[in-house]
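Annotated signal peptide per TrEMBL: 1-23, in sequence order. Look at TrEMBL and you will find 40, 41, 42, 43, 44, 45, 46, 47, 86, 143, 144, 145, 146 tagged as GTP binding site. The Mg(2+) binding site feature in TrEMBL is assigned to 47, 64.
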């Protein structure tokens, strides 16, 4: 009888420790969130990139005409990415969405025409000089490297 009582105490003690570990510590601390802006010309691959990072199906990707916001979860942080459409008539409004950004992703099509590449360069330089972005980290992605017409990073 004494053995059964001590065994029950051990099980109860283990059960209590598990219960406290699961229930009494409260919710896990929130992951930090960072607000980024993703820009680039139409067709550069911004939407595809974010869909891939969010593990979404690549089959239903539609080019962004205005802007969209995606939360990209990582183990230690969440990136809230504002993707801005890259059409000529939308680019003039990009700066209205820069406020509060903590970083910039600039996507360019490395297989685009010389004219489009020059336009992308101009937009990148404009963003790099913008007062709300000039001190932020920039990630520049040369997309479409798998295409035959793709330029190397040095050429871009």
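Here, residue 1 is simply the first one shown, and the rest follow in order.
In case you wondered, yes, glycine gets a Cβ from its N, Cα and C as well.
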Cα of residue 46 (GTP binding site) to Cα of residue 64 (Mg(2+) binding site): how many Å, rounded?
9
Integer Cα-Cα distance in angstrom, residue 64 (Mg(2+) binding site) to residue 86 (GTP binding site):
8
Pairwise C-alpha maximum, in angstrom, for the residues (40, 41, 42, 43, 44, 45, 46, 47, 86, 143, 144, 145, 146) that bind GTP according to the record:
21
Roughly how many angstrom lie between the C-alpha atoms of residue 86 (GTP binding site) and residue 47 (Mg(2+) binding site)?
11
What is the separation, in Å, between the Cα atoms of residue 144 (GTP binding site) and residue 47 (Mg(2+) binding site)?
13
Number of Cβ atoms other than its own within 10 Å, given for residue 64 (Mg(2+) binding site):
18
Identify, among the binding-site residues 42, 44, 47, the residue whose Cβ has the fewest other Cβ atoms within 10 Å in this structure.
42
